[in-house]
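Annotated features in TrEMBL:
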type	residues	note
DOMAIN	39-285	domain 'G-protein coupled receptors family 1 profile'
TRANSMEM	23-45	transmembrane segment
TRANSMEM	57-80	transmembrane segment
TRANSMEM	100-118	transmembrane segment
TRANSMEM	139-162	transmembrane segment
TRANSMEM	203-223	transmembrane segment
TRANSMEM	235-257	transmembrane segment
TRANSMEM	269-287	transmembrane segment
Amino acid sequence: MENHKNVTEFIFMGLWENRQIELLFFLLFLLCYLAVLMGNSVILVTITCSHLIEQPMYYFLCHLSLMDLCYTSTVIPRLIRDLAATRKNISYNECMTQLFTAHLLAGVEIFILVSMALDRYVAIVKPLHYMVIMRRKRCDMLIVTAWIVGFWHSIALLLMVLSLPFCGPNHINHYFCDVKPLLKLVCKDVHVVSVLAMANSGMVLVAIFTVLLASYILILYSLRTRSSAGLLKALSTCSSHIMVVVLFFGPCIYTYALPAGSENKDKEISVFYTVLAPMLNPLIYTLRNSEMKSAMHKVWSWLSNSELK
């Protein structure tokens, strides 16, 4: 604890310095958060209360929605509070907790997306072996692995930041506690630490994104011999997942793979993966998915009839 003895709290500079703009976006982000809660809760209830939970694709989608709910709840409520507050402060311990929790949940979500890509690859490229390869026990192991990898990623970042001395300015040029804005407040040379942080987050993101793109190229290549109906069905499910992957990985790679610099728009770009992606994921996965829409209709009709009784 000696390392941060001169800093007991941090103050967020937020997204905007204009008070009127902040009050406007207070309402906007509040509506976005309500949309995240409602959309992902609908997916959770629909899948867990229907036969879809037995299918690996929807089993992973259920976990993805849970991660979206948890991840946004570590960031957006405080952002909403700070937009309405005159002083945007957070204690040192709360800041470290938010850093660890946000990276843990984001890490788990990334590997759930990898599991979903694996599921689509096996379903399309090896359909005859699908039920054997993607059996429930293996799906459970993939989720457990996602949590283990996410934990080691976040604990490594946390221990690295805890070892750094914060003895000077305490104004974070961001709206939540993250590695890059915190490194700018450290009162010693952080070149090596910056490289380690980029390797832990940025390079890993680039590697995973490359693997995901390669898997979808292989999927598209295998579809060249399919019938028109089979091709359209496969493209429909894959396109939804590709949109979610690009929406999440694109901004994350920009934020974590590039070195820290005053010209970077990290805090503005981070809105995409902290707010917009979790809000749009339910729409992307349901609007073009007749199976999900059918299950939603049945589940919510059953729930409404149960309430009437």
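Quick reminder: no glycine exception, Cβ is built from N, Cα and C everywhere.
Unlike curated records, TrEMBL annotations are generated automatically.
Since we're looking at a predicted model, the values are computed, not measured.
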Selected stretch (most C-beta pairs under 8 A with the transmembrane segment (269-287)) from 57-80, 100-118, 203-223, 235-257: 235-257
Cβ contacts the transmembrane segment (57-80)/the transmembrane segment (203-223), at least three under 8 Å, sequence gap 6 or more: no
